[in-house]
Each structure stands twice: as C-alpha cells, then as structure tokens.
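> One structure, as structure tokens, below. Some questions next.
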C-alpha cells in the first residue's frame with residue numbers, strides 16, 4: 001500500500017471571525033499565537049498527539065491587530081501585539097490555582113502595559129535576540145522606527161524608549177534584528193510603499209555601543225523593484241558576513257560582508273569606535289509566481305520558506321556555493337477538508353462568544 005505523503009493541516013477549526021494577519025510560533029514550536037482584523041488574538045497549545053488546542057482567546061486592541069510575537073522563554077511567557085489603533089500591548093501569562101481545586105492550575109494572560117507613544121498605525125514589531133536583553137523594535141506608517149527596552153527583565157510592565165530613528169519619510173512595513181553574537185547588532189527596515197523615496201526600500205542601521213547610537217549604513221544600497229513585504233536575517237552568520245532574505249515580489253537573498261571593525265572580541269567588547277565598511281552581494285533570486293508575502297528561515301538557516309498571495313507555501317534549500325534549489329511547494333487549495341472537519345468548523349462558529357463578551361476577558 002502506498003503511503004499518503006500529502007500535507008494536511010493539524011486543525012481547521014478557527015478562532016477568528018475576520019482576516020488573520022499573523023501566525024507566530026514560540027521559539028520551541030510548542031505554542032502558537034494568531035491575531036486578526038476582528039481585534040482579537042488567540043493562543044494555541046500543541047498536544048502530544050500533534051493537534052492544536054486553543055487555550056485562550058480575547059479582544060486585545062481597539063482596531064485590527066497586525067502582528068503578534070513571542071519573547072524568548074528565558075524572560076517568561078511574554079507576547080507583544082501591535083495594531084491599527086496606534087498602540088503596542090505587552091501580555092504575560094500568569095499561572096493561578098483554581099478556586100475549586102487548589103491542585104489544579106489555570107493560566108491567564110495579563111495585560112502588563114500599553115505603549116501608546118506612536119502617532120500613527122504601528123505596522124510591525126520584533127523582539128531583539130536574547131543576548132541583547134529584553135528589547136523590542138517597532139515601525140509605523142510615518143517611517144519611524146522606535147526601540148524600547150525593559151530595564152528589569154523580570155518586570156514586563158516597564159518599557160523605556162531608548163532610540164527613535166527616521167528610516168523613511170514613507171510607510172514602513174517590516175523590521176527585523178540580526179541574530180549574530182559575533183558582530184555589532186543590525187536592524188533592517190523595509191518599506192512597502194509603492195512609490196519609494198529615491199528608490200530606497202531597505203535601510204540597515206548598525207549599533208555602535210561606544211557612541212550609544214544607531215548609525216545608518218549608507219553604503220548598503222538595495223536595488224529592489226517592488227515594495228518590501230517582509231525581510232529576515234539568517235539565524236546562522238558566517239564570521240565575515242550576515243545573510244538577509246528580502247521579500248520584494250520574488251525572494252532576494254543577500255550576503256552582507258562585515259568589516260573587521262564590526263566583529264566583537266571574545267568578551268563582547270567592540271574594536272575602536274569607528275563606522276564599519278559593509279559590502280552587499282546578491283547571492284540568489286528565488287522566483288515566485290506571485291508576490292511573496294511572508295518569509296522565514298529554519299533554525300539552521302539552510303531553508304527559506306515563503307508564502308505568496310496565491311495561497312502557496314514554497315521552500316528553498318541551500319546546497320553550497322550560494323546555490324538554492326526548490327524543496328517543496330504546497331497550495332492551500334490542494335487540501336479538501338473532511339465532512340467531520342466541516343461540521344466542527346460550523347459548530348465552532350455557532351458556539352463562539354460574541355465580541356461584547358470577549359471585551360471582558362483578561363482586562
């Protein structure tokens with residue numbers, strides 16, 4: 001008998017009543033968070049049999065929720081969301097004992113703080129790598145990038161604005177951190193504006209600790225024809241380079257060559273304070289039949305997966321000497337739900353709480 005190698009979703013029962021904008025896994029892949037235009041977010045836990053169970057669902061903003069991200073578990077179960085209502089909200093899971101049975105534990109998501117200093121729609125947020133502490137970068141439709149830091153990593157209710165950068169004078173759509181411990185931290189910002197200013201759609205900043213500021217790297221010029229919908233640094237860096245993948249119509253892969261002055265010493269101390277020279281090399285163009293929307297690296301940085309506007313998930317694998325080959329291609333239309341899944345989906349829609357009831361949850 002031939003085995004069924006088709007890929008099937010774990011679960012088709014939805015939690016949202018409107019368009020889902022973001023799906024985010026925690027660093028261990030055991031938990032998942034989703035957010036949507038219905039102003040709600042949901043937390044999912046993976047069961048031992050591989051299925052996903054919805055453990056929480058609540059209204060978290062006063063507008064459409066664009067992003068939801070997880071902090072590293074070292075800082076606790078912390079989730080951040082950003083929204084059309086111009087705010088960023090930090091949530092933390094708290095374990096409490098049931099009043100009926102003291103041995104039984106229940107979890108609640110508590111709103112720790114609301115960051116509301118943005119004057120426009122917040123389009124993306126990203127936590128820093130854990131070796132930098134509990135920090136977060138955000139970008140908005142006015143082209144501003146803000147960097148926040150929690151001075152006490154055990155207190156998620158206090159966040160200070162430490163830097164504000166004007167990346168563009170047009171809309172910012174995505175922001176990401178470099179993950180390397182060996183080099184000075186980098187932040188890459190992408191613009192999804194159709195008419196980019198001077199054709200600049202990607203800006204990269206370098207953190208110079210001795211100067212206590214983020215410096216724009218003007219030597220890195222990306223010639224990209226389409227708006228930037230996503231960009232990510234590879235989790236694995238070479239000694240002399242970073243790798244950056246950019247979704248701009250197709251998926252573009254770049255190596256960013258690092259100068260010796262940007263490489264940290266073994267104890268994490270910088271070389272003499274000076275601006276480093278970076279060189280940009282385009283190593284691959286991963287074609288997409290439709291506009292690439294989101295992209296991710298795997299843990300080893302050897303596979304890039306992207307989702308497209310045609311509902312297709314494509315994956316490419318790196319071989320050697322900067323060669324990439326297509327690994328797989330899956331389309332959501334190829335999956336036909338069973339009658340049991342259809343009935344479960346309809347049942348979930350009729351039994352879900354009303355939005356007015358969701359407002360009272362965890363507030």
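From the backbone N, Cα and C atoms, a Cβ is placed for every residue, glycine too.
As listed in Swiss-Prot for this protein:
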- 15-54: repeat 'WD 1' (REPEAT)
- 60-101: repeat 'WD 2' (REPEAT)
- 108-149: repeat 'WD 3' (REPEAT)
- 158-206: repeat 'WD 4' (REPEAT)
- 223-264: repeat 'WD 5' (REPEAT)
- 287-326: repeat 'WD 6' (REPEAT)
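How about a rundown of where these features are and what they're close to?
For the repeat 'WD 1' (15-54), the DSSP-based tally of helix, strand and coil residues reads 0 helix, 22 strand, 18 coil.
Under DSSP, residues within the repeat 'WD 2' (60-101) fall into helix, strand and coil as 3 helix, 22 strand, 17 coil.
Mean pLDDT across the repeat 'WD 3' (108-149) comes to 94 in this model.
In terms of DSSP helix, strand and coil, the repeat 'WD 5' (223-264) has 3 helix, 22 strand, 17 coil.
Counting residues 6+ beyond its ends, the repeat 'WD 6' (287-326) has Cβ neighbours under 8 Å at 226, 229-232, 234-236, 243, 245, 247-251, 253, 255, 332-333 in the same chain.
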> State the non-local partners of the repeat 'WD 5' (223-264) in its own chain: residues 6+ outside its ends, Cβ under 8 Å from one of its Cβ atoms.
173-174, 176-184, 186, 188, 190-194, 196, 199, 201-202, 204, 206, 270-272, 274, 276-288, 291-297, 299-302, 304, 306, 316, 322, 324
> Helix, strand, coil: count each for the residues of the repeat 'WD 3' (108-149), based on DSSP.
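Taking the repeat 'WD 3' (108-149) as a whole: 3 helix, 26 strand, 13 coil.
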